[in-house]
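As given in Swiss-Prot:
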{"type": "DISULFID", "residues": "Cys137-Cys217", "note": "disulfide bond"}
{"type": "CARBOHYD", "residues": "Asn11", "note": "N-linked glycosylation site"}
{"type": "TOPO_DOM", "residues": "1-62", "note": "topological domain 'Extracellular'"}
{"type": "TOPO_DOM", "residues": "84-98", "note": "topological domain 'Cytoplasmic'"}
{"type": "TOPO_DOM", "residues": "120-145", "note": "topological domain 'Extracellular'"}
{"type": "TOPO_DOM", "residues": "167-179", "note": "topological domain 'Cytoplasmic'"}
{"type": "TOPO_DOM", "residues": "201-232", "note": "topological domain 'Extracellular'"}
{"type": "TOPO_DOM", "residues": "254-282", "note": "topological domain 'Cytoplasmic'"}
{"type": "TOPO_DOM", "residues": "304-322", "note": "topological domain 'Extracellular'"}
{"type": "TOPO_DOM", "residues": "344-393", "note": "topological domain 'Cytoplasmic'"}
{"type": "TRANSMEM", "residues": "63-83", "note": "transmembrane segment"}
{"type": "TRANSMEM", "residues": "99-119", "note": "transmembrane segment"}
{"type": "TRANSMEM", "residues": "146-166", "note": "transmembrane segment"}
{"type": "TRANSMEM", "residues": "180-200", "note": "transmembrane segment"}
{"type": "TRANSMEM", "residues": "233-253", "note": "transmembrane segment"}
{"type": "TRANSMEM", "residues": "283-303", "note": "transmembrane segment"}
{"type": "TRANSMEM", "residues": "323-343", "note": "transmembrane segment"}
Amino acid sequence: METTVGTLGENTTNTFTDFFSARDGSGAETSPLPFTFSYGDYDMPSDEEEDVTNSRTFFAAKIVIGMALVGIMLVCGIGNFIFITALARYKKLRNLTNLLIANLAISDFLVAIVCCPFEMDYYVVRQLSWEHGHVLCASVNYLRTVSLYVSTNALLAIAIDRYLAIVHPLRPRMKCQTAAGLIFLVWSVSILIAIPAAYFTTETVLVIVESQEKIFCGQIWPVDQQFYYRSYFLLVFGLEFVGPVIAMTLCYARVSRELWFKAVPGFQTEQIRRRLRCRRRTVLGLVCVLSAYVLCWAPFYGFTIVRDFFPSVFVKEKHYLTAFYVVECIAMSNSMINTLCFVTVRNNTSKYLKRILRLQWRASPSGSKASADLDLRTTGIPATEEVDCIRLK
């Protein structure tokens with residue numbers, strides 16, 4: 001299911017014989033997806049075309065997509081559930097950075113348990129055919145888009161939080177009301193920006209070969225609104241990729257300068273050295289998260305820019321759709337990296353998994369305090385200095 005679609009000019013009527021042709025319920029042929037169109041704008045040839053879903057290339061891509069979706073469901077579903085449960089169970093884990101990570105965990109968890117099963121059915125089982133109705137088509141696309149923007153905004157908020165904590169340590173930390181407002185902003189901005197994704201998402205019958213049809217599920221913008229689509233895409237590209245990446249890079253560059261290249265005045269006690277090592281590990285982990293985010297999402301945005309602003313590049317490419325879905329799957333896999341970095345790698349999730357399976361939600365009265373302290377020491381999260389470096393601030 002595509003989350004963005006491109007646009008075509010009026011002079012491209014007869015250039016799509018290698019793509020799917022689409023038609024509405026009345027039988028009027030239209031321009032091929034995934035480019036935007038309005039029904040009846042194009043007079044497509046009715047030649048029988050090859051079903052690309054039967055090619056070896058698509059078969060290989062289907063295996064890759066299936067493995068990625070299974071990985072997302074397992075890693076993001078289980079890992080984020082355990083982290084959210086731990087955060088709800090242990091109050092000492094509820095600092096600002098962990099709360100910001102929780103927003104990212106919630107969004108990835110929802111995608112893993114709600115969106116990925118439908119996408120597995122769409123991509124792998126039915127091979128690019130949607131059979132679940134318009135409402136679910138729009139809902140799944142919308143939820144996945146909101147999750148992407150929540151993840152981006154949460155990562156940006158975490159970077160700013162680390163910048164303020166390390167570069168300006170004497171400034172007071174955020175109050176509960178401010179933190180709640182920041183979390184509300186992360187979600188509200190994401191929900192609002194993603195509204196067009198739901199509004200323009202629809203189902204369209206694709207005629208692959210004679211007597212064979214598939215139902216496309218994705219965004220379809222009318223040709224007469226191509227200017228608005230391009231403007232919307234550039235807005236999203238700037239607000240939810242370029243801007244956050246630049247801001248996060250500047251924050252971590254300034255933090256790195258503070259931690260590695262600035263001399264610490266006075267005598268360095270063991271406590272100070274431990275805190276410095278902890279902060280450096282934190283920043284290295286966050287830089288890895290940022291690098292993974294760029295490497296996973298840059299190909300997706302680059303592919304989309306070429307498709308939407310230079311459509312002739314892909315017009316004659318037989319395996320265009322296969323390539324796009326693979327790029328999209330790589331982008332979605334970024335949620336697994338976030339989960340592994342923030343939740344699994346240094347969060348001792350096996351202990352919490354055993355407790356959940358045994359329904360041991362409460363510690364014994366005599367040892368509750370000691371148990372909570374032990375849990376706090378064994379659940380360090382790379383991005384959270386307050387947890388990794390207990391009592392050092």
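Here the Cβ of each residue, glycine as well, is placed from N, Cα and C on the backbone.
Among the recorded stretches 146-166, 180-200, 233-253, the one sharing the largest number of Cβ pairs closer than 8 Å with the transmembrane segment (323-343) is 146-166. When the topological domain 'Cytoplasmic' (167-179) is classified with DSSP, helix, strand and coil residues number 5 helix, 0 strand, 8 coil. Contact between the transmembrane segment (146-166) and the transmembrane segment (180-200) is supported by 3 or more Cβ pairs under 8 Å, counting only residues 6 or more apart in sequence. Within the set of disulfide-bonded residues (Cys137, Cys217), the lowest number of other Cβ atoms found within 10 Å of a Cβ is recorded at Cys137. DSSP places the residues of the topological domain 'Extracellular' (304-322) in helix, strand and coil in these numbers: 12 helix, 0 strand, 7 coil. Only residues 6 or more beyond the boundaries of the topological domain 'Cytoplasmic' (167-179), in the same chain, are considered here, and those with a CB under 8 A from a CB of the stretch are 96, 99, 161, 254-255, 258.
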